[in-house]
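Below is one structure, written out as structure tokens, with a few remarks after it.
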């Protein structure tokens, strides 16, 4: 049917396109893109105009009909609101043509730019002593390249417009008919399929752990977040700042302070609670790094802190840089473990969500299959992990993170430096011997740090029996804020790792967790598990019958139940 319709309409297409060709003027300025682009939060941002910019030069153009500027230089205007201008002058000696950018609010050669909003550069004669003077202004890309002196070139033929409408309508008929037919068929199929599905079958259908569609839904909307998804993952490009009222200081780090704040809604009584991370002027680079990480729409994940916007603010204390994110009342993981003893179910949820967040960070694609830039955190620790209301983790504080761009050279990676918190640094980071030829080595350092955080969780789980007060990894073996040299002694010289008491292994699930974290803090980076493998291990913990057939690692726990914690 579609082919027959196209064959029948083909002669009409030829006639209509012939009519269009006969109505086109000798020269039509090239079409341009719009000079605005949509911002992430729905506003519009004015882009600087592209104009011919050759100042004053000799010209062979006369003031009859139209001509080209013959200017070979295209410039980006300095200010977004500037327009393109052309000035044609003739005196007793020569003819000159001038093409520039100019602010339409200001006069040029003593004349106002009356036609600054015009899409074409239509010359208008101005009175000047001793010379013939024409000037035009226009607001389209390179519109001052085509100079028009005659009014007959400034408007399109009514016949041309009519013919274009006719040929467009005829051209769209076949695909429009096919599209409508496909929609009707798909709708009928869905209705028929839903009628066949029994409600009882739907309710008894077992829910999968997490399939492809579940992961895609997480990217579209995170219902478990403490902030409405309509605000999420936007950059505030508008000059008007968000109506935010700072409340209380809830955290302070090396680079910034974190405040609980109120984001006011349409009425003064309504607000949403948000977190505002404020960087001083001196820490611009940390703010920019974190802003650039958050700006990647593919970063969005249920176990990554939900981002709202980034702003630059001027205060009485000077210039500040803000990151505005979701607020999580339970605080960071270190604070939560200090205050609470957790159950086995809590440990499984916290550990699983932590591994999923890191796996997403490290991945080169989203759960939906879209390409994504892999990112390494480089400062993973319990104080940089937040606890959500449903007792799952989300990663935060990306000020030291690194995007593993394939265009980065070995020198670029080497210049990224020895960063992180000494207590959580992997052995190869402590002694600066990372394999810069392989970007996977950066991910392996995150996995080591993750193992220490998993140990912290396990040490506060009541499933292991006696639960001691919270201690960070390596506890009293090092001072409260150890330096790199003291951690070298413990981790490199002594090959020390946090202690795993034998009674922890009496619980089957804890035994698997201990085996997993031991493989993750292996001294050899290449022997460590990946974050994705750890996430799969935790998923298997929901199904004890699967534990004997793990695919990530075939290594079994020794029969005596002991684990080597000093690899």
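The backbone N, Cα and C atoms fix where each Cβ goes, glycine too.
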Consult Swiss-Prot and report the residue, out of 213, 401, 409, 459, annotated as phosphoserine.
-> 409
May I ask you to find which of 277, 288 Swiss-Prot records for the ATP site already listed with 250, 251, 252, 253, 254, 255, 256, 257, 258?
-> 277
With Swiss-Prot as the source, which of 522-544, 545-567 is set down as region 'Disordered'?
-> 545-567
Swiss-Prot annotates one residue of 94, 266 as N-linked glycosylation site; which residue is it?
-> 94
According to Swiss-Prot, which stretch among 167-187, 188-208, 293-313, 314-334 corresponds to the feature transmembrane segment?
-> 167-187
Quick one: average pLDDT across the topological domain 'Cytoplasmic' (188-567), no decimals.
-> 83
Three-state secondary structure, which DSSP defines for residue 256 (ATP binding site) | coil
Which value in Å gives the longest Cα to Cα span across the ATP site residues 250, 251, 252, 253, 254, 255, 256, 257, 258, 277 as recorded?
-> 14
Please tell me which one of the recorded positions listed here (61, 121, 138, 143, 409) sits closest to residue 258 (ATP binding site), measuring Cα to Cα?
-> 409
Of the binding-site residues 250, 252, 254, 256, which sits closest to residue 51 (disulfide bond) by Cα distance?
-> 256
Residue 252 (ATP binding site) to residue 71 (disulfide bond): how many Å between their Cα atoms?
-> 57
